[in-house]
């Protein structure tokens with residue numbers, strides 16, 4: 001009895017475990033898809049003639065499929081031979097399958113099968129068009145049209161030709177693939193397409209001529225593979241992109257291949273070409289409408305302006321021999337809009353010369369036409385009575401004014417006579433305003449740069465203390481023994497140039513080299529003229545002190561000494577015998593074909609690609625040194641880089657430079673004129689200068705080097721330049737510049753300052769320098785197209801804009817020096 005009770009008790013204890021095991025097995029059975037009986041049955045029917053129904057959906061849409069059946073038995077749903085279960089975004093109610101928020105992965109073959117028998121009731125081929133990436137939003141309109149056509153064609157094919165469960169890939173639009181050879185200019189965007197179909201939906205990949213898969217890292221600039229468009233897109237193609245491109249379309253049944261050949265054509269290195277005879281001379285009457293036409297042909301992006309020649313102060317030309325003009329119409333994004341100039345309801349004032357001016361990164365072209373305006377006869381009849389009526393009034397008024405002016409002249413002459421005599425008896429005095437100039441540099445220096453005492457002691461120097469050169473302002477400065485050079489050991493020679501308020505004189509210095517005191521060394525001496533202001537004097541002294549603090553480097557103009565005692569202020573610097581870099585490059589351009597046999601126009605030396613890379617590398621080294629000294633240059637350009645013997649580059653013109661110690665940026669608050677074509681956007685719009693803004697200027701300088709002294713942004717007015725820079729436009733690649741170097745320029749012109757390289761990184765140009773030979777690039781082609789159609793201003797003032805037409809005479813801006821002798825120019 002007790003044993004029976006014990007067995008019953010044990011059974012009761014094990015019953016919950018038994019029940020839990022049964023439930024667990026049942027749960028697993030219900031969760032696991034039934035792939036045995038019905039799946040085996042319908043898999044045997046995959047080659048039947050049941051017709052698929054095709055549906056094309058956009059991502060995010062809902063898929064709803066009905067399995068029509070009169071049978072009472074339940075059904076199962078499969079996608080690509082995998083059974084579907086309710087859950088997540090899949091919902092099955094009776095014979096209806098619902099899939100919410102479909103994606104590209106939901107594409108494939110859907111079938112409904114009678115549970116137990118495996119009989120296939122319906123087949124659905126679902127294609128979900130993958131969403132466009134953000135970079136695809138700029139798809140051309142014709143591509144969109146092509147895609148619409150593809151969808152329509154696909155639909156037509158589906159209606160006319162049934163597609164079965166398994167089908168090898170096939171071309172859906174073979175007529176669009178007839179063009180196997182694609183020849184495009186460099187810089188264009190290329191698109192290859194291989195639209196295909198098949199069941200299941202095939203995949204596409206692209207391979208190069210060696211058979212390996214083509215990926216984005218295989219090409220500078222990357223690629224875009226658009227699976228939903230069956231396309232390969234490459235932007236800004238270069239000659240190295242030439243070759244075969246093969247698309248491979250495949251699914252589980254088979255595969256297809258198709259090969260395209262890409263040929264990239266070099267762009268034409270030529271300034272814009274204007275159609276002969278346009279614009280044409282026109283004659284019209286007052287009140288009529290006139291149109292001038294100008295047809296422009298240019299491979300590079302042209303910039304077009306319509307100009308009207310005007311008269312200013314009785315002259316049509318300014319002091320620089322440039323005509324005075326008024327800009328009537330400007331366009332650069334859509335040149336066709338500006339190829340026609342419309343003049344409505346013209347008057348007599350509209351008569352004159354009109355010019356169509358077109359420019360690109362290579363150079364400028366222009367053609368002019370005259371408009372003759374004839375008066376209307378009615379207008380003449382009405383004007384004659386008015387003229388006779390007012391003639392008497394004009395005569396009497398003119399006579400009265402002439403007498404009054406004569407009396408005024410006599411009175412003024414009598415008043416000026418005593419004053420003039422008194423002035424002749426008074427000795428001339430050069431006056432200096434009483435202002436203390438405190439040093440602004442806190443860098444470590446053994447010179448007097450640590451002193452905070454005023455640098456200028458106000459004195460009056462009469463004309464009896466005659467300076468060494470006439471018209472030179474004198475000032476007394478404290479003695480700095482480290483830099484002071486004896487004035488009597490300096491023999492001044494001929495002037496090298498003069499600028500806004502100063503001049504530079506070539507000189508021989510005895511004792512510049514300490515170990516050879518009797519050997520003369522050729523130097524350049526800077527000094528003020530008598531029309532220099534207190535601000536000019538302050539700038540020159542500040543520059544002198546900055547050069548003391550910066551120290552010496554091979555690739556900058558170095559300070560050799562100063563003369564501050566017993567005479568005018570002299571700043572002695574190194575002499576660069578080959579002038580500034582811009583004129584150095586222009587003088588060494590290969591001759592044009594028409595000048596090839598003119599010995600006088602053949603340059604003394606030609607530059608190789610290696611020489612040009614060396615120029616950029618040396619400037620980068622000099623700027624890296626200035627950056628290490630916390631100096632922001634602010635006016636880095638080819639005109640401010642000098643060339644010494646052995647083609648050594650020396651950065652000059654510290655007139656705009658600023659030394660900074662506690663912060664690495666400088667914000668300008670004055671409204672002086674600035675070198676806008678070399679300035680970074682943050683410097684243009686926010687007046688904030690950093691080492692990164694100098695990097696932007698270095699990119700423009702590199703562009704100048706590889707165009708052999710070309711003018712950046714030709715013809716573009718400042719207002720238009722601001723807009724283009726904001727929109728992300730940049731200058732084209734020079735024709736004799738490699739893609740690698742152009743990509744370096746583009747990195748220097750990055751809109752985000754922190755994304756630009758540093759000068760330390762730019763010093764890696766030496767890698768390119770050692771990798772190329774002297775004959776790497778042939779520079780024997782004519783470079784005259786890089787010059788503007790007139791000579792650029794030789795001024796080193798920051799206001800130089802390299803325009804071919806001056807809209808108005810502009811006074812020189814206050815810069816340190818502005819040399820007219822540009823061949824032997826020495827900048828500060």
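Using N, Cα and C of the backbone, Cβ positions are placed for all residues, glycine too.
Listed in Swiss-Prot for this protein:
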ACT_SITE  635  active site, proton acceptor
BINDING   496, 497, 498, 499, 500, 501, 502, 503, 504, 526  ATP binding site
COMPBIAS  135-147  compositional bias 'Acidic residues'
DOMAIN    33-127  domain 'Ig-like C2-type 1'
DOMAIN    272-372  domain 'Ig-like C2-type 3'
CARBOHYD  70  N-linked glycosylation site
CARBOHYD  244  N-linked glycosylation site
CARBOHYD  281  N-linked glycosylation site
CARBOHYD  313  N-linked glycosylation site
CARBOHYD  345  N-linked glycosylation site
MOD_RES   665  phosphotyrosine
MOD_RES   666  phosphotyrosine
MOD_RES   776  phosphotyrosine
REGION    132-156  region 'Disordered'
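Feature annotations (Swiss-Prot) mapped to structure.
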residue: 244; record: N-linked glycosylation site; DSSP (3 states): strand
residue: 281; record: N-linked glycosylation site; DSSP (3 states): coil
residue: 313; record: N-linked glycosylation site; DSSP (3 states): coil
residue: 345; record: N-linked glycosylation site; DSSP (3 states): coil
residue: 496; record: ATP binding site; DSSP (3 states): strand
residue: 502; record: ATP binding site; DSSP (3 states): strand
residue: 635; record: active site, proton acceptor; DSSP (3 states): coil
Alpha-carbon spacing, residue 635 (active site, proton acceptor) to residue 313 (N-linked glycosylation site), which is rounded to whole Å: 34
Local confidence of the domain 'Ig-like C2-type 1' (33-127) - pLDDT mean: 76
Separation of alpha carbons, residue 496 (ATP binding site) and residue 345 (N-linked glycosylation site) (Å): 54
Sparsest-packed of the listed glycosylation sites (281, 345) - C-beta count within 10 angstroms: 345
Secondary structure tally of the domain 'Ig-like C2-type 3' (272-372) (DSSP, helix then strand then coil): 7 helix, 51 strand, 43 coil
244, 313 as glycosylation sites, winner by CB count within 10 A: 244
Spatial separation of residue 281 (N-linked glycosylation site) from residue 504 (ATP binding site) - C-alpha basis, Å: 49
Shortest C-alpha distance to residue 244 (N-linked glycosylation site) - which of the recorded positions 313, 496, 502: 496
Separation of alpha carbons, residue 496 (ATP binding site) and residue 313 (N-linked glycosylation site) (Å): 33
Among 498, 635, the most crowded of the recorded positions [Cβ within 10 Å]: 635
Residue 502 (ATP binding site) CB neighbourhood, other CB atoms within 10 A: 27
Rounded inter-Cα distance in Å - residue 498 (ATP binding site), residue 281 (N-linked glycosylation site): 44
